[in-house]
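Okay, so here's the structure we're looking at.
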Amino acid sequence: MTDLVPFSGRTLSEAASELGEGPTFDPGTGTAWWFNITGRELHELHLESGRKAIHPLPFLGSVLAVIDPLRQLIASDQGLFVRDTESSKLGHFATLEEKPGNRSNDGRIHPCGALWIGTMGRSAEKHAGAIYHVAGSRVTKLYSNITIPNAICFSPDGATAYFTDTDVNQLMRVDIDPATALPTGDPVLLSDESTSPGGVDGAVCDADGLIWNARWGASAVEVYKPDGQKVARYAVPATQPSCPAFVGAKAERLLVTSAWQGMDDAARAADPHAGKTFELGIEVKGRFEPAFRL
């Protein structure tokens, strides 16, 4: 097993989210964004100044993407919304599915500007979710019978997508059209983690094609080569890290969200940093997230 590198980073936000998720970074404003899904909150952090804000939401938001300097796309249990960055006003943009018991979970923007977004049951009901492709307002279902969609990310050339169903805990890869982000083949197994500690959660793919994956329940971020070889493990000071994001002026730092979901009082006392947001404390070769293309 790859040796675990001790945590050498810092806490970016002490606000403990029940389910911190969906971090991203807007290089135009130098601002990191993430969600407390179950708390119906959108968190904002200006990295240079340290200025923080928490925006209440009327839904369970999980993924944010920049559209342009004045607009953001948010995925939620009620569909896709456009958020005005100045007024925080929300406008409905598209419906993902007609399943009121579901919510959005993990997702990411492909280099072509399309969105891959996963849905799941609010209580992680078996096979209740799916993974969708969104191009403008056109929604296409890609994969059904997903329990907990996660690890959605794309290779730098846009020709490969990665994803998992955390309930199965197998990291998958699939060839896709770089121009559209639509699959051109069937998913194949990249790494079987079904007998390994923790769950394969959110992931990002760096400029070298390495996959940085948050390992829920294992207090770590793990790094894979495109062939599935695990090459590094970095400790996170919380048991349930949920998703990473590249941040900083050159996307050279790694932010990681976490969660205290499912913990009783004793577990939370033993895990005092659960739900906080961290910087890993290492230099990475990250990539900025593309804008969503309307």
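Along the chain as shown, residues are numbered 1 onward.
Every residue gets a Cβ built from N, Cα and C, even glycine.
What Swiss-Prot says about this one:
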type     : residues              : note
BINDING  : GLU21, ASN150, ASP201 : divalent metal cation binding site
ACT_SITE : ASP201                : active site, proton donor/acceptor
When you measure from the Cβ of ASN150 (divalent metal cation binding site), how many other Cβ atoms are you left with inside 10 Å? 28
Which residues in the same chain, at least 6 apart in sequence, have a Cβ under 8 Å from the Cβ of ASP201 (divalent metal cation binding site)? ASP106, ASN150, ALA151, THR166, ASN213, ALA214, ARG215, TRP216, PRO241, SER242, CYS243
Tell me, how many other CB atoms lie within 10 A of the CB of GLU21 (divalent metal cation binding site), whichever protein chain they belong to? 26
To test your reading of the divalent metal cation site: which residues beyond GLU21, ASN150, ASP201, same chain only, put their Cβ within 8 Å of the Cβ centroid of those residues? ASN105, ASP106, ILE148, ALA151, THR166, GLY202, ALA214, TRP216, SER242, CYS243
